[in-house]
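In what follows, a single structure is set out as structure tokens and then discussed.
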Amino acid sequence: MVKRNIKTSLSEDDGEVLNENGKRLAEEANKENKKRVRTKNLYRQPTANELNRLQETENLFNSNLFRLQVDEILEEVKLTEKTIKRFTEWYNSFKVYLMSIVEDDLEFDLSEKKITKFLKVKLPILEQLSQTKAMFKFHKFKDIDIVGSYAVGSTINANLMVDVQITVPAETYTKNDSINYRYHKKRAAYLAYIASHLQKSDLIDELHYCLFNMSLTKPVLIVKPKGKLSNTLLVRLNLACDDEAYKLHRFSPKRNNLRETWLLQSEKQECSAVGPQTPYYNCSVLSDLTAKINNDFIATTLSNSQNLKQAIILLKIWLKQRKLCVSGHIINMLVCCLVQIKRINNIMSSYQIVRNIWIYLKSSEWDTKGLSLSKSKDAPPMDEFLESFPVVFLDKTGYYNICWQMCKGTYNALRRESELAVEMLDNPKLNSFLQLFMVPVSNLTQFDHIIRFKNIQSLKSSVLERVSKENKLNYGLDELPLVVNSIYSLLSKGLTDRVDLILQLGEADFSWPVKKTLEKAKEGYDEKVSFGLVLNPANAIKIVDKGPQANLPEAEEFRLFWGDKSELRRFADGSHIEACVWDGDTFAQRRSISTQIVDYLMELKYSVQPRDIFHICNQLDSLTARKMAAAEQGEEVSVKVLRVFDELRRDMRALTQLPLEISAVYGTSSVFSYSNPLPPLPSIPDPRAWRKASTCLIKTQKDDKRIFLPSYTEANRAMIELSYSGKWPGDIEAFRCLKAAFHLQISDRIKSQYSLASQAYPTHIDVNKNGLSFRLEIFHPKEVTLLRREVVDGVVKFKESEESVKLQRDTMLLAILRGALHGLHQKHPAFGPTACLFKRWLSSHLLSPTHFPSTLAELVTASVFLQPEPLTPPTQPTVGLFRVLQLLLNTDWATQMIVLDFNGDMTREEITELEQKFSDRSENGPQMCIVTSYDGELPSVWSSSAPSRQVVLRAQALAKATLSYIEKALMEDMSDNILAAFIPSYSGYDVLIHLHANLVPHFNERIDSRPKLNASDDVMGDVIPVLEFNPVEKYLEELQGAYEDFALFFHDSFGGDVIAVLWKPHVKDYRDFQIASANALKPVKVKGETKYEVNIEAIIEDFKLIGDGLVKEVVVNM
């Protein structure tokens, strides 16, 4: 029996011979450079390690993709071995140099300038401390330690700061140095002593002082290493205090270490010998006293705990993306605390640890119950800390509040972001990793309302004059934290449930050269005080703030807080309540009630005038107002249209004597979802109009008369649905004739039954009600089916055609989508105005609906409200526009699609299927893919024809420039006028066609136009005006039809009087003569041969001829 040679492996040589054991022959095996891939390796059973990893992924991670993403980001932020090696070498030399500092017997009086002359560096202290008497002698430190994230291995490579800590010997300080900032002054002198020696080192490139966490009395040294290492990291040199220097109970929250006679000596107040408690001041000393104990605790807990370290890295990335001012030390201590109370452990994966930390944080109560790592019975009770600090997290000693500098707003933001993070993790339809760790947020897009104060020095003096003596003493020389916390408390009490979050916006740490005094360094530095508000959608727009009943003791407190704004009012339930009433006649005013409250309270409590407060919230409200309606907001105009439409819809359903009843009428115009930037106004009678029957016509112009152009009137389009019938014809022409007959009958019944002006056409019915015109069209699904029908070789086939897709999109799908967008606006009232602003922005930059469809713009806006992660939906239209522009800019439309599930009905499998189809699409597919849950068999139908790839890139470039301009104007220049972001640039276009302004529809609605009062209150109800006659649009259609092969045409559809023309790249190429493409060509001689090129001069002349009477001039850009 002969055994067959079975080929069980693959190699680069397909003719390879194997023996009976499936192995290569000896001579074949000896061949060099022959690689092979064993087939059995591809199909072998998984190894134990692979099975364990799969099991871990299933049990310990959200998904396999999430685990891969976590591994990738951890690898991305990890320090390279080269950097670690370089730093280790540099640090060893740096440590040797520091240890070479010699202790001397010199003693300095710090109230004199002798020490600065000796050291040749300045002391990093305030001018107020210069006369404080303290004798300083340098006692050499024993050791230098690397602490913080780098020491425990939880650092990230972005803006890396390595913490190096030097412990100051106890003999440097005396018993009484703990009071009146003597400790801080000696600490600053010790730091200056080290700086004076470091500036001589050739290991250092730059040396600066820095105010750590903006504390004026706790400076640190920032060391920039010399060489390539300076591009990667900086070293922060901090000083700790030997724990034997003072007993911890000396700094209990109830103890006083800052005397009134010292701090308030310039004020004419009666000062007691000791004074009230100073917990804030005490913690500034305790942070140094307890540093070694807490760092040792962190190092012990996190040693050999790789998963805990990875979780800390993920948390730091998350905090960095959220711009939360929470230090890495607090995160390290929190993780160690949760390990101690057994909420987390190292057996958990990094994902599980982070998730558990978020779950803990969202329900934590550090502001009311506090958190403590201490088990000591000798430590002060928690209640003492809760009375003294807004947020309490005690360290291992039980004396030091780690969160002593944390404002309550920061803690509330931490809780709120944790809650949002858990919600994102629990959302199976969302790739939460990207939103949590990869998407940064900016202040402009995160907050609905940002408050900025202009004159900081005046603000500080006003607030400090009115705060209590106890608060002044507690904060000491750190005036800015006192001002910030005082204003935060005022805003919290005044805005109450109108806001979900009030967050003070942190600024970068201030640093200056070691040879400059702090006062001189701050001469060119402007302190900033800002607050960000996240408004509550339900409560932010309420007009009345209700207080207690008039007969309760709390009523007096309410009146005292609100002053003259408080008034006694009787409500519908018969109660008499103290209340405050705010201006809110329009939607725009109601959205800006928070502005009114802030201005009123700051003036009442701190005498800060409204002109000294800059609000970022409603800068673009003027763009959502109809200037031809006395600047009435577009939302209010849309509401009026909707009310009339609802009446008409009821009338239509009640029509009698029709072959088929009208079952429903659906609006399809953008006004029905509040997203029309210029909603239609009631028509005003014009005596110049030529009336015929129920309509107005345009007369043929005579040469001896002026051109009469009727005012532009937009028709509100709607779709009529008739009751079911199986008798509709099977031929498309017969079907349309029957539709026309229905139009005639419905029009006649409207006239006879309701006496409304109505006119029937083969394709639609025009109806005028209360001065508003509506264009109604009958739709039946069978018409789409007939348009799909084609006969090939006697066989009937159904295939999508351009006409069938357009009909289905503009009728049935648009009606469903319009209803969904209307519901979205009812849920999020900022949607409509935001969509209007986005459309105005697109059009102002000449991207009219022909280039960027109007419905697509609404869908892009809707995604900001339906998928706001990692934020919540905006409540201000201005902020909504910022987010839409950011979405437009940051989305890679070539590789990403957006799925809008309005009702949450789509399953993860359906979304995955859509994503697969998107990845498999052809290159000719839509350039922006936005799929809704109603698209059915026509996914992304709204962007199937436009925009082009070039338009998408142009829109992204404009969005980037707009956001950059707005951020500079609002956040740096504090300029209220940002309308320049809506002014187009005509540079780069080849030809500019200027139009006569009086012939341009909506010219009076331009950005620079002034509001006008209504000319008359009468409305045209007995006749239908000329509808949708737009000469500019007709002119553009002719230009595009004739010259679309040679040029692109851009225009602002909201009052633009310039048409910009851009020649296509191939327009100047030579071409051969062909009858089919001989249009607009002229012969030229090229090297003796006759070639043809586009006759650009003749085309430009045609622009003038076609637009005769409309075109003012044509300018060619050179």
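Note: Cβ is positioned from N, Cα and C throughout, glycine not excepted.
Any TrEMBL annotation is an automated prediction that lacks curation.
Now, the feature entries from TrEMBL:
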- 162-302: domain 'Nrap protein' (DOMAIN)
- 308-439: domain 'Nrap protein' (DOMAIN)
- 444-606: domain 'Nrap protein' (DOMAIN)
- 620-826: domain 'Nrap protein' (DOMAIN)
- 828-973: domain 'Nrap protein' (DOMAIN)
- 987-1114: domain 'Nrap protein' (DOMAIN)
Give the one range among 162-302, 620-826, 987-1114 whose Cβ atoms make the most pairs under 8 Å with those of the domain 'Nrap protein' (444-606).
162-302
Where DSSP helix means H, G or I and strand means E or B, what are the helix, strand and coil counts for the domain 'Nrap protein' (162-302)?
62 helix, 31 strand, 48 coil
Where does the mean pLDDT land for the domain 'Nrap protein' (828-973)?
92
Under DSSP, the domain 'Nrap protein' (987-1114) has how many residues in helix, strand and coil?
37 helix, 34 strand, 57 coil
